[in-house]
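> TrEMBL lists 1-59 with the feature domain 'Protein EARLY FLOWERING 4'. The region 'Disordered' annotation in TrEMBL covers 51-79.
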Amino acid sequence: NRVLINEINQNHESKVPDNLSRNVGLIKELNNNIRRVAQLYSDLSTSFTKSIDVSSEGDSSGAVKSEEKSSHKRHRPDL
């Protein structure tokens, strides 16, 4: 993206018509790249949030499960 931005800036500063028209495609490419990066960060954030939710659910349900297990244990008669 940095290379694209530099080329776009150079083309803009040159004021050469061919360079300026080339910028249209370069700017579209840059916009698509930025859109892709934003989507990746969004996906990463969603994935992280889900993993935190699952982790915290595991902690609370783990406590419940251990309580359930202890209430369902079979007791041996004392000898």
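Just so it is clear, glycine is given a Cβ too, placed from its N, Cα and C backbone atoms.
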> Over the domain 'Protein EARLY FLOWERING 4' (1-59), what is the model's average pLDDT?
93
> Going by DSSP assignments with H, G and I as helix and E and B as strand, what are the residue counts for the domain 'Protein EARLY FLOWERING 4' (1-59)?
56 helix, 0 strand, 3 coil
